[in-house]
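Engineer: From TrEMBL, for reference:
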- Cys69: active site (ACT_SITE)
- His104: active site (ACT_SITE)
- Ser121: active site (ACT_SITE)
- 205-243: region 'Disordered' (REGION)
- 221-243: compositional bias 'Basic residues' (COMPBIAS)
Amino acid sequence: LLQPSVPPVPNYKLCMSIPEWLQAIQTYMKMLQYNHTGTQFFEIRKTRPLSGLMETAREMTRESLPIKCLEAVILGIYLTNGQPSVERFPISFKTHFSGNYFHHVVLGIYCNGRYGSLGMSRRSDLMDKPLTYRTLSDLIFEFEDSYKKYLHSVKKVKIGLYVPHEPHSFRPIEWKQLVLNVSKMMRTDVRKELEKFARDMRMKILKPSSAHSPVKERSRGKSLSPRRRQASPQRRPCRRDKS
């Protein structure tokens, strides 16, 4: 049997523009193909540190197996590392169709005042979007309109924080800094919330929600209860207290 072809991992060249580079990454992921087998080839735990997820991404490039949407987000982060002008953040969707709920995630991209995305899906218009959207809300509404073509109604949208360009970071990805129940909101209100969030992200004033819960970061074996104050030395009992 002939050996299956292994797509070459794209390399950034100085002559490339950022949109061309993103297109090369998306073309590479399409060559890996979408995983229709029902078997998850790579374990992706969202709580893992970024360094561990980047090791999984390297394994994806070595194995060249089909991937799904969550794996595509991790691979997209790995391949765009080292491009500080390209900000990456996860965008998650919860949709409803025919009595069932579905979940999907793509990698949002912000560069030079424009938004776009990278990703993988069974549907060609629910993955990558060109770097042409002026606002984050325009990008989200484009996905919502694409879902309508397949009779899916978007219930919730979750936006994470920018992923740092530090492949050895031990901090996990912030997946849902902003959660919008869009099915119960007017589009004007959704746009207002998204633009406020996008502005704060560009100013990088938002902090990961995990920063407010340091208890989770404590190592095993240490007590999670507050320290007790040292008890004062007890007096020796008097003789008359003895029986």
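A Cβ is built for glycine as well, from the same backbone N, Cα and C atoms used for every other residue.
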Engineer: Could you state the whole-number distance in Å separating the C-alpha atoms of His104 (active site) and Ser121 (active site)?
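Structural biologist: Rounded to the nearest whole number, the Cα-Cα distance is 8 Å.
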Engineer: Name the residue among the active-site residues Cys69, Ser121 whose Cβ has the smallest number of other Cβ atoms within 10 Å.
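Structural biologist: Each of the active-site residues Cys69, Ser121 was scored by Cβ atoms within 10 Å; lowest is Ser121.
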Engineer: Give me the count of other Cβ atoms within 10 A of the Cβ belonging to His104 (active site).
Structural biologist: 23
